[in-house]
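What TrEMBL says about this protein:
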- 43-67: transmembrane segment (TRANSMEM)
- 87-112: transmembrane segment (TRANSMEM)
- 132-149: transmembrane segment (TRANSMEM)
- 161-179: transmembrane segment (TRANSMEM)
- 215-239: transmembrane segment (TRANSMEM)
- 260-278: transmembrane segment (TRANSMEM)
- 284-302: transmembrane segment (TRANSMEM)
Amino acid sequence: MVSVFIICAVLSVLEISLSFDNAIVNARILRDMSPKWQHRFLTWGIVIAVFGMRIVFPLAIVAIAMWTDPISALKLAIWQPNEYARVIAESHTGIAAFGGTFLLMVGMKYFFDVEKDVHWIRMIESRMPKFASVQGVEIGVAIALIIFFSYQLDADHSHTFVIAGLFGLLTFLAVEGLGEVLDATQEQMDMVHRGGLGAFIYLEVLDASFSFDGVIGAFALTTNLFVIAIGLGIGAFYVRSLTIMLVERKTLGQYRYLEHGAFYAILVLAIIMYVQTLVHIPEVITGLIGAALIGLSFMSSLRYNRLNPNWQNETEEVT
């Protein structure tokens, strides 16, 4: 029993370390949502995150991989956990390609923005908006990376990587388009509420993409489906609470480069997920890189605030 508590604690830390950048990106979207949908993100969203992504998602992978029904997959998870973990591990190529592509598009959308005028690493970021006017530049980069990494794999895994990567790309485009339609419809119905169902769906798919790494990494500690769900679920709840705190305290507005660090971390995570189809990269490395980028952006923000104490007031006057 003690070992279960220890594993749950470790899994919670794993989830938090891998998802801190997720919290910052979520806060960026959540701050434009109405209080009603912010509350639903914390309540409905946590149910989807724990039950959907930490229980149903792995079962769905096993069911698809073994061409069986979800009940049989659940029985396998309970009575043959090692075999269940093996099937999950063998599905890693497709999971990494799907999640990596979705996160890659999220990161590129932030940097390839013609309206983006605040740059942290100016040498890189100041050039990227110039390419944003080229229609479909993010899609072109994503497809190029999918093709490049697929050529590094054997025939079977290469096919899986390409198909899953394209599905990740299509999912991003579909969620983006659906979100705009749903929120436009809701805005016509109620001009008071901003950011509704469309933004909520986008956040849930984003959370799913972030959780892939944690779900796969959890099987290195335990093959018990329910222990994994509890441990990662605790971490997921903490991350969502952190997101709400960032919104309520308007943290992103106080630290100029914080979200830059988070989006750099997303791009690095996307590439790491691709690379993991070739070589194993420990989850602790992924978490440390993300934490380092966010930490550096936070320190840069503090330095900027110290050198420009009135910048927030000037920004408010402009807006």
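Placement of Cβ uses the backbone N, Cα and C atoms for every residue, glycine included.
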Where, among 43-67, 132-149, 161-179, do we find the most CB pairs under 8 A to the transmembrane segment (260-278)?
132-149
Would you kindly check 43-67, 87-112, 161-179, 215-239 and say which stretch has the most C-beta pairs under 8 angstroms to the transmembrane segment (132-149)?
87-112
So what's near the transmembrane segment (215-239) in sequence-distant terms, Cβ-Cβ under 8 Å and 6+ beyond its ends?
4, 7-16, 18-20, 22-23, 26, 46, 49-51, 53-55, 57-59, 77-78, 81-82, 84-85, 88-89, 92, 95, 207, 283
